[in-house]
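Feature annotations, courtesy of TrEMBL:
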ACT_SITE  HIS229  active site, proton acceptor
BINDING   CYS237, CYS240, CYS261, CYS264  Zn(2+) binding site
COMPBIAS  1-20  compositional bias 'Acidic residues'
COMPBIAS  21-30  compositional bias 'Basic and acidic residues'
COMPBIAS  31-44  compositional bias 'Acidic residues'
DOMAIN    102-361  domain 'Deacetylase sirtuin-type'
REGION    1-67  region 'Disordered'
Amino acid sequence: MLAGDDEEGCGDGDDDDDDDSGARPRRADTGGEDLNDVDADADGNDSGTRGADALTDSGRAAGRGGSTFGARTNARAWRILQSLMMWRNKCLVAEKRVTRPKLTSINTLEDVAALLTRARNVIVLTGAGISVACGIPDFRSENGLYSMLGEYQLPSPQAMFDIAYFRTNPAPFFKFARELLPGSYTPSATHRFIKALQDRGKLLRNYTQNIDGLEREAGVLPEHLHQCHGSLDTARCLRCEHRVPVSDIEAEIRAQTIPMCKICNHPDGVVKPDIVFFGEPLGRRFMDLLTADRARCDAVLVMGSSLKVAPVNLIIGWMPRDVPLVLLNRETVGQPHAFDVELLGDCDAAVAALTRLLGWPADAG
Ligand code: OAD
């Protein structure tokens, strides 16, 4: 998870290797300050595409039977390196971060359709709102997940995704994870619209904060997708970092027993899905992609996000000022930056209207 403006917990990534303190994601509600806090994978790979062979970090070495000392040393070295990289990224972002003014040339739904007609490199930034129509609550709306956690008596709703809290009480997170196991939900019209952009050669990248995997299920290809906050594809032992496919622990998640590592068999060896929690380090793929995409994108669509969590919420302020910025959301978000067009309401309705204007088939995805 990322940091955002509402300063959610930013705990540490690990108990045994505390060197990466500068690289932690933080929540922010105001727009955030550091892009670096993004979620990512310790090895810099997209968590959505991190198959077993992408896991070249220390965790894998440990899992392969490397000595515990060696694995920890490697992990420490990697984290120091990652910290340095994140600080570098932070400086880059801070340099660019200015309040974005509205463009005068794009104002209406029709303007957005015209923009998408000519666009070739659209960045789509998505959040939990695009999956609400699928039956998955978002986080911060009145009836969102964070309003439903009373039974857990968490110190704060966000503690559910706080790595320090998870180490003391992983049960709330695993209850949440059970609801999102593959096959539970069907993509929405908005997911299919993103796929339709891809099919027409217009999708540069979908940066999603969602971990439900519905973009991929809709057919968005890994090369066009960055799952900023990780995914439920793989999981890793908090102790020895041995990594497994989530399918290996799916039965335990479904049964609501805490999955424990069968490699180290340590009492602290909870196997945690590779979701980026507050307080965990991010991978470099986010910044690498964003740096490259920034130079190419010709439109940015933000859909279904409160933009409360950094560094994803920093993207809009980091794009070139002349790139049109469009919001499809139930509420206005993103201050102090200005969107050029705000299509307020359900994003499925907005994409349906756009689809009509674009002359695409009703369910173009
Ligand atoms: P939020 O719950 O913060 O925001 C969802 C946004 O979507 C709100 O602005 C809603 O008004 C809007 N919304 C809800 N339903 C909608 C609909 N049908 N159509 C259009 N808009 C709708 O969710 P995120 O911004 O995704 O981190 O939250 C960011 C991160 O905070 C999440 O990734 C999560 C959380 O901590 C992790 O789990 C790692």
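Along the chain as shown, residues are numbered 1 onward.
Cβ atoms are placed via backbone N, Cα and C, with glycine included.
Note that TrEMBL annotation is computational and uncurated.
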Going by DSSP, give the three-state secondary structure for CYS237 (Zn(2+) binding site). strand
Roughly how many Å lie between the Cα atoms of the residue listed as 'active site, proton acceptor' and CYS237 (Zn(2+) binding site), rounded to a whole value? 18
Of CYS240, CYS261, CYS264, the binding-site residues listed, which put a C-beta under 6 Å from ligand 1? Please answer none if none do. none
Would you mind giving the whole-number mean pLDDT across the domain 'Deacetylase sirtuin-type' (102-361)? 95
Validating a neighbour-count step here. Other CB atoms within 10 A of the CB of CYS237 (Zn(2+) binding site): how many? 25
Here the 10 Å Cβ neighbour count for CYS264 (Zn(2+) binding site) comes out at 18
